[in-house]
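Inspection log for the structure reproduced underneath, given as structure tokens.
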Amino acid sequence: MGSKILPQWASKPCAMGIDEAGRGPVLGPMVYGCLYCAQSYLKTLATLSFADSKTLKEEKREELFETLKTNDSIGWAVDVIDPRELSAKMLKKNKINLNEISHDSAMGLIDRVLKMGVLLTEVYIDTVGDAGKYEMKLSRKFPSIKFVVAKKADSLYPVVSGASIVAKVTRDRALREWVLDETAENMKRDFGSGYPGDPQTKAWLEDHKHRIFGFPTLVRFSWGTCNSYFKDIAQVLWDSDNLDEDGGGGKNSNGKRQLKLSNVGFTSSKRGSEEIESSGKGRCRFFQARKLEHLTNF
């Protein structure tokens, strides 16, 4: 973020731009960035050569980022969303889709800057989903702020162009400096742009998949494009899901699986319980030790 001590201009009406980088790639984090300044500085901001980061070369983006970091009339902040967090949210039982994750990140940045004491009165943001609905959602959350939600906001408003540079450079650096959690000797870093259609990214995904453990944590394994790489993936079967009739895995009148008490560890002798477990027909020790039962009715 910019200066730690709140500058004097922050107590005057301020405008903010918000944009993201890395929404589409199958690799690496998604980054939301914001840039804010006094409304009276917006005209000057328009002369600083900020443009949609996608239209600039990497060297120019880096140069502009370093320039804005030293500019005392500008503040900025980022939210870096780890690929593991993206995958976990999109695959959990109560799924959180990418649009919701994006909305939450943008609102988190606004909240963070407001709590710093900055007098935000206008926020310009690139739309995610329906622009009208998104604007209503933001206005309900922050009624004192005027929102401008627009497609291609990063090419329409310099304050959003600046935010897109903050987000893009932060993501690029995060990918360049990414420390791979996995320690296999054959791990390589030549993963290309990270976009699903990039031949270099495709080759990297093919070379770094594992039949049992899946992909390295750099990969957003919730992306649909990952599925095609696992046609020969190993299937995982839990003992408790694979009981045959001999082990008491019959079905009740509702057609649902029913476990006999002898399969949940309630046997007359310790030996009986161990025999069932070692045969692969009973519940594994993990479930027994925690007294976890297989429920069919809720």
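Think of each number as a place in line: the chain as shown, counted from 1.
Just so you know, glycine gets a Cβ as well, placed from its N, Cα and C.
Confidence for the domain 'RNase H type-2' (13-235), expressed as mean pLDDT, is 90. Under the heading domain 'RNase H type-2', TrEMBL lists 13-235.
According to TrEMBL, the divalent metal cation binding site annotation covers ASP19, GLU20, ASP126.
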Divalent metal cation site, defined by ASP19, GLU20, ASP126: further same-chain residues with Cβ within 8 Å of the Cβ centre: ILE18, ALA21, TYR32, GLY33, ILE125, VAL128, ALA153, ASP154, VAL160, ALA163, SER164, ALA167
